[in-house]
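As given in TrEMBL:
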TRANSMEM  12-34  transmembrane segment
TRANSMEM  46-68  transmembrane segment
TRANSMEM  80-102  transmembrane segment
TRANSMEM  122-144  transmembrane segment
TRANSMEM  165-198  transmembrane segment
TRANSMEM  210-239  transmembrane segment
TRANSMEM  246-265  transmembrane segment
């Protein structure tokens, strides 16, 4: 579920803008640093921890507004190769800014006391923090599905995603919708950074490992498909656990084999959205 918290914003922005944001992991990293700066290395309670994560989401969402106005707005009508180059440069820029502000040292953040203890499920001990991350991922998925499929705002976003020109002719403010989608995507990255910062080695490169799995989930699930990404994250978690149990000596090879199988069997993903190929 940790993968889904990171992948949700990535697949959201592609589904609306058709831009694959390579800098998504960098903004996840900024969300983690903002949470660390405000909440410290040991959050006093779960409410402080959640509040700091929400503040990180708001701060990174505001950065999303600036990024949209300065960078992404200029990439909407150009070939996708330019978007990949621009967002890759943005990723390097964000990592450089993080090094200037926080340095290149590693920082550790502990979960709040309410989540920092194990619980026995069957014959296995699992930390309450892990269960909390799973629950948070389920809530985020449910909220995104509700917004996209049951609300007026979701219908507008789907209309803009399917045909921006036609959406504009019926009175929809397309630039405003696209800007809102970008801000929501960045806010999700910041929130994920705030939620997942405990038990991580926080550094300017902390987003790299998460974004790798997030990209895998988005490709397997289908670019732009929230539901497909959610299912893909579950599959990745199962395969990773099986790999660690039965083939630990081979590292994470099973996940890459799984990715290769899906690229051959279903190159557009499990639930490809329109334009997600």
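Backbone N, Cα and C define each Cβ position, glycine as well.
Owing to the predicted nature of the structure, the values given are computational and were not obtained by experimental measurement.
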### Message
Pairs of Cβ atoms less than 8 Å apart decide it: which stretch in 80-102, 122-144, 165-198, 246-265 has the most with the transmembrane segment (12-34)?
### Response
165-198
### Message
Using a Cβ cut-off under 8 Å, which residues of the same chain at least 6 positions beyond either end of the transmembrane segment (246-265) come close to it?
### Response
213, 216, 219-220, 235-236, 239-240
### Query
Under 8 Å, at least 3 Cβ pairs, sequence separation 6 or more: does that hold for the transmembrane segment (122-144) versus the transmembrane segment (165-198)?
yes
